[in-house]
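Here's the structure we're looking at; comments come further down.
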Amino acid sequence: MSSSSALPFSPSTISHPPSSLSLTHLPNYSSLLNNEQQCTKPRTIRYRLSELCRQGKPHLARQLFDEIPQPTTVLWNTIIIGFVCNNMPHEAILFYSRLKHVGSLLCDQYTYSSVLKACAETKKIHVGKAVHCHILRSGIHPSRIVSNSLLNMYSTCLVSGNGYNNIHIIIPQVGSVEDSVYADLTPILGGSENGSDCDLVERVFRTMRKRNVVAWNTIFSWYVKRKRFSEAVRCFVMMMRLGIKPTVVSFVNIFPAVSEIRDVRVADVLYGLLVKLGNEYVNDLYVVSAAIVMYADLGCVDLASRIFENTCERNTEIWNSMISGYIQNNFPFKAVDLFLEAVEAEDVVTIDDVTFVSALMATSQLQHLEFAQQLHACLIKKCMDSQVISLNAMIATYSRCNCVGDSFKVFNGMKERDIVSWNTMVSALVQNGLDDEALMLVYEMQKLGVAIDDITITILLSAASNLRDREIGKQTHAYLLRHNIQFEGMESYLIDMYAKSSMIREAQAIFQSNLTNDKDQATWNAMIAGNTQNGLIEQSFVVFKEMLEQNVKPNAVTLASILPSCSQSGSIAIGKQLHCFAIRNLFENNVYVVSALVDMYSKSGIIDYAESVFLKSPEKNSVTYTNMILGYGQHGMGKKALTLFYSLQQNGLEPDEVTFVAVLSACSYTGLVDEGLQIFELMGEEYEIQPSAEHYACVIDMLGRVGRLGEAHNFAKQLGEEGNVLGIWGSLLAACRVHRNFELGKIVSSKLFELEGSARISGYHILLSNIYAEEGNWQSVDNVRRGMRKMGLSKEVGCSWIDTSGYPNCFVSKDKKHPQCCMIYDMLGYLTINMKDAGYKPKLELMEEWIYGLEE
């Protein structure tokens, strides 16, 4: 073998053992050597070398090897295999390099198989390719064992799309030995740094003359790693047709592929074959665990449970698989019961940190604080409170139970933290509305040198969205660009953040920057929702149409995002079409789609449709109830709104702050003042919800609508600093105008102008102007109007729309843009004459004010 084909290692690079481990310390070395010289029996030396390696002393074995004058290939192989078996793959590769430099011996199949195993363990694909080249240059056809080792090496090293993720790459120097070897290898295998290395696994598999079950198992595993699940199943079928009997590993490798193709029939056939092969297969613990996971992934939790119950022997993995299966299929109670059963059977099964993490996940779903505390105590009792993975799950569980303070205590007491610990704690703060505290913790991460990853970035963008903080959002985006961070769903997070921060142009720029038309559903949904939230209704429909043209199928989130645009634009016909689409695609029972449909129909004036959708829905959350309560209130059905509110808790749901705003508004619209005040008291006493400015404004509006202006004014004054909100006093001013309480209206308006500061709002000035007009104080009207002009304020134009023949018609005052405006104004004139004939008399004060406004 020429030196040009050797690896770029010289014997001098191999580190020798320390002098304290010299050969003189080896027992009976002289007799061994004499025996070897006298009897010339390599087997004796080989036995001694193998014995030292089995005892975990490969360095001593190599020292003994170094004293052998002319070692055979078998002895070289013994040392290489010894290094591999003692988890010293780097030393095995170095020793192989030394063998290639000797050049006087030919490597055999065991040499190549062993060093390929070492390459697989070290993920050194360049070295593995060089060894492959040596095999091809040797002139012998690879045996089955070498071919299987090649398959294993390539499938282990090529773990990602380009074959280089998580791989320690040796970069050869120009003109080095490995460089020439790699150049020779390229035309043979077709692999290069810019080529498709992932094809090498299939090429090696296809070139094998005889494939045993080990080779087939490797190719199954490879296809699963590459997410080519259908091909994995087809290969399994082909193997069976060739008459090759599957092993236990075959089923363990193929079951994940069946889970991903979502075909229960294939799963049943494979498990039936497993049962047919006998107890050796069906009772294997690894197969049982894989089968439980497969059926749980397919949603057949009853079949997974049946397999679990029929298992005679269970190890920790089987218990964990079944508990996780229950959690995955939303059976947290069963998961907790099974965990308790595992605890009782602890003499048979060992509970590990994965078991506790699964139990904590179930507790999170149940939001059962007391059981979470018991699990925490159990962790401490079993001295497992130092396990980082368990404590991370503990932080998340306390957060889901609304005990973020306890989450922080666990986090603060951790002796060791990983990036998951930090991200879990930051996420817990964001989920509990403590966005500022979350930002401070990220700042602490940076001070301590903890690297921010893509998960941290997503949490930061969520915090910026919640705070509507443009600066934080832009800084986070800049950090992404500076550090070239990219992750799945990044565009949707950025679009959502900019849209919620009222920076819709920036959101649209990010959306349009992707010119490859490979946007995922989340990105389309974020842009549709962003346009809707910012009042760009027509743009929402344009993006939705583009989404359909790009053959991206809308999902439940898409419908929940586009339906609000229908009510805002008056496009009830489009809303009905979307409802039909939801029914055809089985989204009509999705809780988010149902909530959006109820909101759309009620705001479009079709309360019967909204009520029908609500009653037919099998699943409802607090948002669904809130939208229906609000719809009843807007349509004057106060009693129905109250009945629905009180039924909320009976159905296992708790009203939140928005629900109380809805029911208080309903009481205000329908004049149910006493009932509304009772609910307002109930909010703090029974549900421990601190009233916000919106709740106070509802109470003011409720009292003001029925003319109880004195009570409303006193209520507003009693709030003190907490009541210094424009919405609260604005509601009172509107009530003063309706009930013609001009004196109180002037007092309230002065308070409003004091509160608004530089944030001038034209609506309050218009209200005061109308109060003066109704009072007949035209000088004050003139002063208010002149003051508005000086501040650059103008009356916002009101808009009305009506849907005719599926097309929304929009109207504003003095609008002449409608194509049929002449006919419309003729009809208005005709109606005005009929109104006068019917005895209708308009308010002269308001007419005078309107005329005064025209002259102005």
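Sequential numbering from 1, following the chain as shown.
Cβ atoms here come from the backbone N, Cα and C positions, even for glycine.
Feature annotations, reproduced from TrEMBL:
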- 108-142: repeat 'PPR' (REPEAT)
- 212-246: repeat 'PPR' (REPEAT)
- 418-452: repeat 'PPR' (REPEAT)
- 520-554: repeat 'PPR' (REPEAT)
- 621-655: repeat 'PPR' (REPEAT)
- 656-686: repeat 'PPR' (REPEAT)
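Counting residue by residue with DSSP, the repeat 'PPR' (621-655) contains 26 helix, 0 strand, 9 coil.
Using a Cβ-Cβ cut-off under 8 Å and counting only residues 6 or more beyond its ends in the same chain, the repeat 'PPR' (418-452) has close neighbours at 388-389, 391-392, 395-396, 398-400, 402, 404, 407-408, 411, 459-460, 462-463, 466-467, 472, 479.
The DSSP breakdown of the repeat 'PPR' (418-452), given as helix, strand and coil counts, is 26 helix, 0 strand, 9 coil. If you average pLDDT over the repeat 'PPR' (418-452) in this model, you get 91.
Secondary structure of the repeat 'PPR' (108-142) per DSSP (helix as H, G, I; strand as E, B; remaining residues coil): 27 helix, 0 strand, 8 coil.
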